[in-house]
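**Student:** Structure below; questions to follow.
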Amino acid sequence: MPTMSNQLGEKREQSYAEVSSFQMSESFSRNMEPVKTGRIFLAAVAANLSAFVVGTCLGWTSPILPKLKSNDTSDSPLDRPITSDEEALISSLIAIGALVAPFIAGPLADRVGRKWVLLSSSLFFVLAFVLNIVGSQVWILYLSRVIQGCGVGFVMTAQPMYVGEISTDNVRGATGSLMQLFIVGGILYAYAIGPFVSYQALQWGCLVVPIIADVVFFFMPESPYYLAGKGRKTAAVRSLQFLRGQSAEGVHDEMAVIQANVEEAMANKGNMLDLVKVGSNRKALLICAGLISFQQLSGINVVLFNSQSIFASANTGLDPAIATIIIGCVQVASSGLTPIVVDRMGRKLLLLISASVMSIGLAALGGFFYMKLVVGDISSVLWLPVPALIIYNIVYCTGFGPLPWAVLGEMFPANIKSAASSVVASTCWILGFLVTRYYPALDALGSYYAFWLFSGFCIVAFFFVMFIVIETKGLSLNQIQVRLGSKK
């Protein structure tokens, strides 16, 4: 008599065979209709406009904090300069909202759909920027940043689910990497506009972005996986027709596979405990939470939130606002490479390169600040901070920036995906809060301590990727589950 584990193994092998057979004809349906991948990228780009809004919130502090710290309050909503503790809170409080919101966004994504959770995120962003416009007390800025964080948490939970579910196996790595490109695009938007316009003008400039994002994304279809799970098969077929550019007959085979996967997932409805009770889920959680943790421990939010202050402290002779814009341009350009190369090189290799080179760039930056303190005359190496941060940002934006989120979108089965996304997104922002909240205290002891610490975490991340992370390049969602459940 077969055991339950044997039966489960047989089901996995059967699903593996079914999806492998489907993959062989993935680009052509039963009547040889080609999949129009441009439709997939159109929906993914529309969904990622919300990630652009996230970027404006993350980049907002870099041009705004110097205005708030200035003794000249003519371009500040406050009547006095902020203190260092207030500066740290304004930077870090976005993480509080972002770590709580996923536990609301995850269940909502299962109840009302991935699309509507992404659309609703704009309500938080609009409210936050309105508060920035009318607020004249520092506590209002605190509240605004927490509300921004709620919007960020909604986006970071629902967007990987949506993009992972609308994509075919051969483009999922590319579409999953778009989030980072749009985030850094939003950051560059804030970097490029903020230093050269008034405080109020920047708030208005940021306020219109989520409204535009909602208008565009409203016309995109809901995830066919979600619709199938709700028993709305006709709507799921229409969604798939739009995304594949095919007729109902053309999407028949893929719809059958989606329906079978969803029915199996619904028959084994998961909960939060299944993340640790089921071996494959536990391994997936370790991989995803680990990658997200090292993403934050690389110090990226310190760099994003404090770019102008870092360059001002380095005293390189280059206008800090211009240096920050250069970094923003580098981030956008390098993030644009990831969708092109990720499905050729694979996730694991890019992560290994990212961790190793980030460590070198951060160590060099720490060395610069140490020499500035000990030697004093560093005129011969004043050039170092800009290329060190350029190199750091290039490899971050091609590796540890986009890929943890891309991996999250493909690592978990449908019955546990929303719970997993909530946990991983919250892990990201717990660490994001701790790093940004206590960076000023570490910086006060010496900037080199902070950058050397981040460099050390990148070294640990390299070995984590080498020995723990599995490669998912070219695998279907079911094949990834088989790989996670394998004893090999």
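In case you wondered, yes, glycine gets a Cβ from its N, Cα and C as well.
Any TrEMBL annotation is an automated prediction that lacks curation.
Checked TrEMBL, it gives:
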type	residues	note
DOMAIN	43-473	domain 'Major facilitator superfamily (MFS) profile'
TRANSMEM	40-61	transmembrane segment
TRANSMEM	88-109	transmembrane segment
TRANSMEM	116-140	transmembrane segment
TRANSMEM	146-164	transmembrane segment
TRANSMEM	176-196	transmembrane segment
TRANSMEM	202-220	transmembrane segment
TRANSMEM	284-305	transmembrane segment
TRANSMEM	321-342	transmembrane segment
TRANSMEM	349-370	transmembrane segment
TRANSMEM	382-407	transmembrane segment
TRANSMEM	419-439	transmembrane segment
TRANSMEM	451-470	transmembrane segment
**Student:** What same-chain residues lie close to the transmembrane segment (40-61): Cβ under 8 Å, and 6 or more beyond its ends?
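**Tutor:** Distal contacts: 90-91, 94, 118, 121-122, 125, 128, 148, 151-152, 155-156, 159, 162-163, 166-168, 171, 174-175, 178-179, 181-191, 194, 202, 206, 209-210, 212-213, 216-217, 219-221, 242-244, 301, 304-306, 328.
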**Student:** Which listed stretch (116-140, 146-164, 176-196, 284-305) has the most C-beta pairs under 8 A with the transmembrane segment (88-109)?
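**Tutor:** Stretch with maximum Cβ contacts: 146-164.
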**Student:** Count, for each of 146-164, 321-342, 382-407, 419-439, 451-470, the Cβ pairs lying under 8 Å from the transmembrane segment (284-305), and report the range with the highest count.
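**Tutor:** Ranked by Cβ pairs under 8 Å, first place goes to 419-439.
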**Student:** Please give the sequence-distant neighbours of the transmembrane segment (419-439): residues at least 6 beyond its ends with Cβ less than 8 Å from one of its Cβ atoms.
**Tutor:** 88-89, 91-96, 98-100, 102-103, 105-106, 109, 149, 152-153, 156-158, 160-161, 270-272, 274-275, 281, 284-285, 288-289, 292-293, 295-297, 299, 301-302, 305-306, 408, 411-412, 450
**Student:** Test the contact criterion for the transmembrane segment (321-342) and the transmembrane segment (146-164): 3 or more CB pairs under 8 Å, pairs 6 or more apart in sequence, then answer yes or no.
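**Tutor:** These two stretches do not touch.
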**Student:** With the transmembrane segment (202-220) as the reference, find which of 176-196, 382-407, 451-470 contributes the most Cβ pairs under 8 Å.
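**Tutor:** Most contacts with the transmembrane segment (202-220): 176-196.
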**Student:** Apart from its near flanks, which chain residues at least 6 from the ends of the transmembrane segment (116-140) lie with a Cβ under 8 angstroms of it?
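**Tutor:** Same-chain contacts beyond the flanks: 47, 50, 53, 57, 77-79, 82, 86, 90, 97, 105, 108-109, 147-148, 150-152, 154-155, 157-159, 162, 200, 203-204, 206-207, 209-211, 213-214, 217-218, 222.
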